[in-house]
Every structure is written in C-alpha cells, then in structure tokens.
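Features as listed in TrEMBL:
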| type | residues | note |
| --- | --- | --- |
| DOMAIN | 30-122 | domain 'Ig-like' |
| DOMAIN | 130-219 | domain 'Ig-like' |
| DOMAIN | 227-312 | domain 'Ig-like' |
| TRANSMEM | 327-347 | transmembrane segment |
Amino acid sequence: MGNIHPPSLRTCISIVREVNRLSWSSGQHPLVQNQTVTEGRTAIMTCRVEYNDQTSLQWSNPTQQTLFFGNKKALRDNRIELVRASWSELTISISEITLADEGMYTCSLFTMPVKTAKAYLTVLGVPEKPEIDGLTKPALEGDEITLTCMTHGSKPAANLRWFRNEKEIKGAKEVNASGKTFTVTSSLQLLVDRDDDGAAYTCKVDHVALLQTPQQTTEVLEVHYAPRVLITQSLTFPQEGQYLKLECVSKGNPSPDPVLWTKDGGELPDLERMIVQGRELTFSALNKTDNGTYRCVASNHLGTSSAEYILYVYDPNAMGQRGPDHALIGGVVAVVVFITLCLIIFLGRYLARHKGTYLTNEAKGADDAPDADTAIINAEGNTHAEGKKEYFI
C-alpha cells in the first residue's frame, strides 16, 4: 500500500469554505407578499433575502417571462421599472396596471438548487358610472314603472344601492360575468303617486376600488296628476262690513290655472265688491246679500276638481263683542261643573252615613258579647228586636 498523505492546509480551508457556503445557502429564502392594486394604478413588487452570499435575484411574470435579473431589465415594457436592486432586495414597479397583469409573480434566488417565492397580484376592476333607464318624463299618477340601474367593469362584482331623497330603498340585484369583470344591474318597481313628483332617485355604486370617489347617478321624477282643491278663508265668523278673502288652494301638475269662482251655481253677482285675483276671491265689505254657496273649480288635462264654501254673514249687533258661541259654551261648561260637584258631595255624604250606621250596630252587640262574632250576631238580633217592638198609648 502506498503512503496516505494528509490533506494540505489549503485543501482544508477550501473544504471548510464550501461547507460554510452550503450551510449559508441552505438558510437563504426569498420573501415576498401578495399585492392588491386598483386598475390604472401602480403595483410595487418587492423580494427580500435575509442572508445572501451575492447570489442574484430575479422577478418573472405569470407567463414566466423574466422582468428583471438583478438590476438588468429583461422585458421591454415601459411600464416596468427598477426601484431598488441589491444582494438582499429586488424591487420593481409596474405602472398603469391592467386586468391582464393579474396573476402569480415569481421571485427566484439562484442558489443550488434555485429557491423561489410566489406573490399573487390582484387587480381590482373599477366599475363605470351607473346609468338609470326606464324613466318616462313625465310619468302619470297611477302608472307602474321600472327603474333599472346598470354598471359595467367591476371586479369583484359591485353592489348597487337605491335612494329616494337620500332615504335608502331596496332594489332587485342581478350579476352577470363578462370576462374578468362583472356587469351589475338593480331594478326598482314603482307605483307612481303624486308624492313622487320632484322626488330624486339615486343609484349609488359601492366597491372596494371606490372608497374615496363613489360613483352615483340621480334622476328626478316628474309626475303629472289631476288637481285637488281646498278653500281657505281669512275670517271664522264673517260680519257685515268686514273684509273677507277666500283662497282656492289647488294642487295639480300641470298647474290648474286659472281657477273658476261661482256663487250658487252661477256667476258672481257683484264684481265691484267681489274681486277675483288669481286664485283669490275677496269681498271689500260684506253684507247679507253675500250669503250663499261659493264654489271653486280647477282643471288640467288630467281632470277637474272643485270645493265649496258656505258663507253666512253675521249681524255684529246680534253677535256681541265675543261672538255667537262663546256665551253658550261658557254656560254649558258651568252647568256641567255644577252637576259634577253636586254628585260628588251627595255620594260622599251617602257613604259616610252608611259607614256610621254599620259601626253603631256593631257597637250595640259588643257591650255584652264575649267575642267579635257574638257581637255582630247580637247586633243583628237587636236590630230585629227593635223592629218587633210595639208601643201602645
């Protein structure tokens, strides 16, 4: 056998270095994080290594195309730029993100063997401004209409909410996929009422990509309806010589102007004292001949409505200073109060008298009775005995 020579010092040092390198590389792991970015904005992709012996890092896209190898750009895409490159970090940016950029990105550390870490880039699709359809202008009272709100391009699917004059109301939602994005529709069924005239119906889009800039659309509903009429008066008890104003309060759409005033089914008899201005009928100085039934008629193309007011002119001398009903009301109230007090006094005296009789009878039987029961029996017996006594004169 030949002589075995021990390894030289240089060989030993090389072996130790290789062992240390393998041990060091076994502790090297690239660290990445998933990212969520709104469409149109910029994504930042960072890969870090805690321990690195000058081994290169690389970023590649979902189709395994190399984006950057160390500080060297590998893909010709002006949207992709280098942010930072070192032995411990490789950070790149992707601007003007689109839905096509979504997917799994890989960071590779070229050790032996190569170690990788994967980060998923999620792209949020921004929903478009909603559109409201189905609004007829004008709508008629009693119509049934369906308002439809639609938005395209959301990812994930957006949520639609309805508001009537800022008060939320519920609609029926429908979601349809269109490639990577969604089209969302919400329907609202209405039975049109005159109270809907001028009401603002708003469709609002809720989405994670719209936290700071919500999307919404508002439509104002116009409703046509037949008029309704009410007559108001300036005096409760009109008297001779006073000024009186009657107003025909009519509400309709279109507005029922002008209105028509009549008295007892005919024209107004005295246009010098009875003045019509717009919806108002005024009397400059009332007299007994003004008594009668006054009618106000309002019309538009949807219908006609009327209201009546019966005018009775009082004699101020007969009414007195306080009016015709105040004295009568005061007298009725006084009589009711007096009767109530009399009933209370009578009932009180009646109850007090019967309570005294019971106590007296019980006392009569208690004089010689050994106990309370015997006293009550004796009292009842004494009562009958008193009733049976006869007196002769």
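Every residue, even glycine, has its Cβ placed from backbone N, Cα and C.
As the structure is a computational prediction, the values presented were derived from the model and not from experiment.
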Next on the checklist: On average, what pLDDT score does this prediction assign to the domain 'Ig-like' (227-312)?
Outcome noted: 93
Checklist entry - So, by DSSP, how many helix, strand and coil residues make up the domain 'Ig-like' (227-312)? => result 3 helix, 49 strand, 34 coil
Checklist entry - What are the DSSP helix, strand and coil residue counts for the domain 'Ig-like' (130-219)? => result 6 helix, 56 strand, 28 coil
Checklist entry - For the domain 'Ig-like' (30-122), what are the DSSP-based totals of helix, strand and coil residues? => result 3 helix, 50 strand, 40 coil
